[in-house]
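Peer 1: The Mg(2+) 1 binding site annotation in Swiss-Prot covers Glu399, Glu406 and is backed by sequence analysis. What Swiss-Prot lists as Mg(2+) 2 binding site is Glu406, and the listing cites sequence analysis.
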Amino acid sequence: MSELRDTRLEKAQALIECGQVPYALRFEPSHRTAELQQAHADLPNGEERDVSVAIAGRVMTRRVMGKLAFFTLADETGPIQLFLEKAALGDAFKQITSLVDAGDWIGVKGTLRRTDRGELSVKAAQWQMLSKSLQPLPDKWHGLADVEKRYRQRYLDLIVSPDTRDTFRRRAQLVSGIRRWLDERDFLEIETPVLQSEPGGADARPFETHHNALDLPLTLRIATELHLKRLVVGGFERVYELGRIFRNEGVSTRHNPEFTSVEIYQAFADYNDMMDLTEELISSVTQQVCGSTLINYQGTEINLAPGWRRATMHELVKEATGLDFAGFSSREDAAAAMEAKGLQTPALADSVGRLLNEAFEQAVEETLIQPTFVTDYPVEISPLARSHRSKPGLVERFELFIVGREHGNAFSELTDPVDQRQRLEAQQERRAAGDLEAQRVDEDFLNALEVGMPPTGGLGIGIDRLVMLLTDSPSIRDVIAFPLLKPESRDGSAAVDNGSTE
C-alpha cells in the first residue's frame, strides 16, 4: 500500500510538471451523467452527435489499448463511458492514460458518440485533473466484504455500492417527506435544546457533559418531549421536531446511542387521533419513497396501506399465553402464573402492570409482523401518559409494532400537574432504588403544566428503524451514515466491533 501511495504521489508531481494542478479549485459541468443518458437515448449505435458537453466524476475503471482508451466515469447520478483517442487528444492522451488512476476525480469536455456495442460515450477533447487519489478503490466486483469496514469507512462503501447510496437517498426522501407532510398540515417545527440540565421525556440514561464557563453539569437530551410540551403550553397547537436523540445504552442491530426521531404534538387531540395520524403519515411517506405501500422486508411482505390492526396489550398477551392479567390481584399471583408458562419475572418488575409488560415483551412483541397498534399500557411504565378514561390502572398509550419492532410511541398526554408530579416522584423513588433509567422530577416542566396545557396527543417515531423497514436493511448501522464504533487500536488495526453490547 505504501509503494502504491508513493507511486501516486509521483504522478501528482508529474501532473504539476505538465502544467496540471492535482487538486483543482473548481470545474463547471454542463450535465450530469444521467441527464446525458436520458437526453441522448435516441443516438444510434456507431454514430456521433456534435454537441459540446462537460462532465466531472470519479474514474471507476480504465482500459488502455494502444491509441485508444476507455474509462468509466461516475458522478452521483451514475456512470458514463469516456472514449479517449490519441488522434483527438494529442499529448494529453499520454498524460491521461499514464497519470490518471482509478479513484481520481477528473473533468472532461468533448462531444457524444455511441459505440457499435451501444454504449453512450463522451469523446474527450480536453481533460482536467480535479483530485488525485492516493489510495486504491476497493475491488469493484466484490466491494467491501468486511462489514465493519463498510461502517468505519463509509466513504469507500458509498463509492463502490449503489445499494448503499440508494439507502441514504431514500433516507433523505423519507426525512423530507415527513417534514413536508407535517408542514402541509400546519405543524410547526421548532428546535429544542440538545444540552439540558434536567433530562426527561423517556426512560433512559443520558450522556453527561460539563459546561466549563458556567461550571454546570449538563446532559445530552434523551427526548424532545418535555420542551415540545412547554411549547404547547405557550400556545403552539401543532408542533414537532425531527432531530438527534442521545441515550447512553447498549448497541445492537436495532439500537444506536445516537439516533434520529420525530416527536409530534397536537392540541385538542387524543391517542386515537394520533393513531390515525401515524397511519396516514407512514403510509403516505412509504408511497412516496417506495412507490407502493406494499413492501418486502427480509423476505416478508408487509402491507402498510391504512387499516392497521389495533389491539390492547391485555388482549395480545392473553391471545399468546392464555394469561388474563385483569384477573391477577397481586404481583405474586401474576409472577407464579408467568413462571408456570416459562416466562421470566425480573425483580424490577415489581407490580402486576410491570409483569404484564414483561409478558408482552417476551411472548408477543416479536410476533407482530404486520403493522399493529398495541394500546392501553400499564400506568406504572407510562409516567407521562394520561390515565385511561374507562380502564383503571391503565393509560391512553399506544406503541406501533412492525416486523416485531417498535416504530412509534404515543399518548393522550397527561396534562394534570398534580397527577404528573406524583408520577414523576414515584419515578424518582425508583431511581433511588437503583433503576437508572427511571425519570427525574423536572420542576420547570411541572410549573409549565400548572400554567395550563390543553388536551394534547403526542407521538414519537424512530426515523432510523423506519428507514430500515423501507430499505430492507437488517441492521440500524446500515441506515446511519456514520454509526458509533469502537475506535481503531493504536497500531491502526480496527478493534473488533461485533455491533452489540446486549
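For all residues, glycine too, the Cβ spot is worked out from N, Cα and C.
So where do these features actually land, and what's packed around them?
Peer 2: Secondary structure at Glu399 (Mg(2+) 1 binding site), as computed by DSSP, is strand. When other Cβ atoms within 10 Å of the Cβ of Glu399 (Mg(2+) 1 binding site) are tallied across all protein chains shown, the result is 19.
Mapped onto three states, the DSSP output places Glu406 (Mg(2+) 1 binding site) in strand.
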Peer 1: To see if you understand the setup: which same-chain residues, six or more apart in sequence, place their Cβ under 8 Å from that of Glu406 (Mg(2+) 1 binding site)?
Peer 2: Glu365, Glu399, Leu400, Gly462, Arg465
